[in-house]
Amino acid sequence: MNTGEPFSPSKALMILPVLILLGLFFGSVIYLFSNAFTAGDGFSMKYFQQIIDRPDYIVVFIRTIIASVIVALLAVILSYPIALLLWRADKWRNMLLIIVLVPWLVSLVVRTYGWIVLLGTKGFINSMLIWIGVIEDPLSLMFNDLGVIIGLTHVLIPFAVISILSSLLQIENNLEEASRVLGAGPVQTFRYIVLPLSLPGAFTALIVIYLACIGAIVTPILLGGLSQKFVGSQIYQEVMYAFNMNKAAAWSICLLALSFLSLVILKKIERRVLRGQE
Amino acid sequence: MTNIRANSVSQIDDGTPSAQGSITIENVSKSYGETEVLSNVSLSIGSGSFVTLLGPSGCGKTTLLRLIAGFIEPSRGQISIDGQNVNGIPTQKRPIGMVFQNLALFPHFTVYENIAYGLKLRQISSKEIEFRVGQFIELVGLQGLGERRIAQLSGGQKQRVALARSLVLEPSILLLDEPLSALDLQLRKQLQFSLKDIQKVLKTTFVFVTHDQEEATLMSDQVVVMSAGEVQQIGSPQSIYERPETLFVSKFIGEVNELAGTVRTIKGDMLEIDTAIGLISLPKSTAHGLVAVEGAPCVVCLRPEKLMTLPTGSSAAAGRISFDGVVEDRLALGPMIRNTVRCKNLKLISLTMTGNDANSLHTGDHCSVQFDAENVQLFSPLTGDLALAFGERE
């Protein structure tokens, strides 16, 4: 490659798509900020004040955070066995990976409707449990926080599987054998060698899933309760039903701030846990 | 620092000197599906010896090592350690240590933690661990590097950590899978000697796998030459060099001049062999693994140092076989001179001590090539996988 090539206009044209992309991205962010911080003609914190003044809105934030933490932990814990299985299955790994990823080929909305079929009052799970005789009255598995947690966990598990698997695949191939020769059984080898070395992948999954959850919209709308809103569904409502763009923008900026703060905290925790690992 | 609470029972005795460490391998075979990578290997390794499994890549030597380690189980046959059948006994319960080709050090531990890992699994008091780890850090020459991370070490230092990590548990057997192959020559030489020294001090049985015959002869008490999943020969480095039992061993250990031929006639105790340089008459005792039948193909082998290059006209002593040749090249190797001599259409290599008669020879001179019949070895030609190991066809 010759790096000393003279400037040519046709080449300069090639950066145009990038410029358009960046322009749109920053343009929309600037527009968002201007919407949130202006009322009438000038600068105003009016919409933020409206959010802070409502205790039920604060509950929405807290609910979103707690549900997201639960989903992230649940997804990572449930993904570990799957990732380990894929790691072990040398020959079948790609095949099994496709099975893990197949749900992504189906639209998120369709998948979530699938959960409605399963979790509804007359849904599959309730019907089964009543038929077996475990319960007499249907459980409310849906249109509440539980429904959102189940739905989001299901949607996000493949992220965790891929992330943990990639960490496991980086483990040098006979570290386990070395551990066994030194006297460790399978459980100890997992505890002291495999688990610590796969933690970076688990942490990446935790962070990505948490961030995906606090901004989730579709699942909370379809599986969440009417009075138990999440930040995402709240913003959606402000835009689609209340047509209050300024308030929606203020909500969005709060969400952005929350994401950023969470990321800083999670990174701190990650560094502490993985301290000493390269 | 990871807290390791051990609950495994180990057979490795702590404190007692490793008087044990004998391995018996009886008729062991290992197949993967249709392919047999190890066939009918029997081998007995004495306690405290340094044994090398030597062979070209794919000969089954690493498979044999992994069978001893218990990572894989034999398809047939039995492996015993200290007289006890270990078939079915998991790796962690065998009294062995192992140094891997890629070393397999734990990247999330420091040097100290790597070496202490096995001790911690054995629920040894932290004071004792500190003492023992310190002792072995010193033994392998890593003083002051205990707190280093693995990524911060050089190749040779990593090697030493891997060694210390295994030896600190005082296993009666240490398995080494080509541990030096990734190092540069200088460092390899240095570590070969330190390995040998450590083995002498600890009296641990070392089973060392290598494809480097020089390394094998330098370090071991006993060499097991393997090829195509079979043991070719077992013996001291010297006996394997001087008295190879097959053409494979002869070619694999050191340099050899080969003359392809056929058995022309058998007269009493003498065989007349037809070769490219002429008719050679050899006693039957030189035939190794060759069924001497008239018309049978055979290979005449001669070590370069047994082949003398003398000025033309030198009288051949009684019983000495002599041919005419031309000196093509002379290389001075310090104490030795390496002559390349052309006899008819064959190139032969002869090594002579500097200062002998051959000194007067120059490149291009006619000369007399002489050898004693008893220094010749006569083998059957290589076939199949054995021939392929040298890139030959049948």
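Backbone N, Cα and C define each Cβ position, glycine as well.
Keep in mind the model is a prediction, meaning the values are calculated, not measured.
Taken from TrEMBL, the feature transmembrane segment covers A:12-37 (among others). Within the chain, the transmembrane segment (A:12-37) has long-range Cβ neighbours (under 8 A, six or more residues past its boundaries) at 43-45, 47-48, 245-246, 248-250, 252-253.
Long-range contacts of the transmembrane segment (A:57-83) within the same chain, counting only residues at least 6 positions beyond its ends with a Cβ under 8 Å from a Cβ of the stretch, are 51, 100, 145, 148-149, 152-153, 156-157, 159-161, 164-165, 168, 198, 201-202, 205-207, 209-210, 213-214, 228-232, 234, 254, 258, 262. The transmembrane segment feature in TrEMBL is assigned to A:57-83 (among others).
Sequence annotations record features per position, and here TrEMBL assigns domain 'ABC transmembrane type-1' to A:61-266.
The feature transmembrane segment is assigned by TrEMBL to A:95-118 (among others).
Among the features that TrEMBL reports, transmembrane segment is placed at A:146-169 (among others). Tertiary proximity for the transmembrane segment (A:146-169) is limited to same-chain residues at least six positions away from its ends with a CB under 8 Å from its CB atoms, namely 67, 70-72, 74-76, 78-80, 82-84, 86-87, 97, 100-101, 103-104, 108, 111-112, 115, 119, 140, 194, 197-202, 204-206, 208-209, 212-213, 216, 219-220, 222-225, 230.
Under the heading transmembrane segment, TrEMBL lists A:190-223 (among others). Among residues of the same chain six or more beyond the transmembrane segment (A:190-223), those with a C-beta under 8 A of the stretch's C-beta atoms are 64-65, 67-69, 71-73, 75-76, 79-80, 83, 108-109, 112-113, 115-116, 119, 142-143, 147-148, 150-152, 155-156, 159-160, 163-168, 170-171, 175-176, 179, 184, 229-233, 235-236, 255, 258-259, 262-263, 266-267, 270, 273-274, 277.
Look at TrEMBL and you will find A:248-266 (among others) tagged as transmembrane segment.
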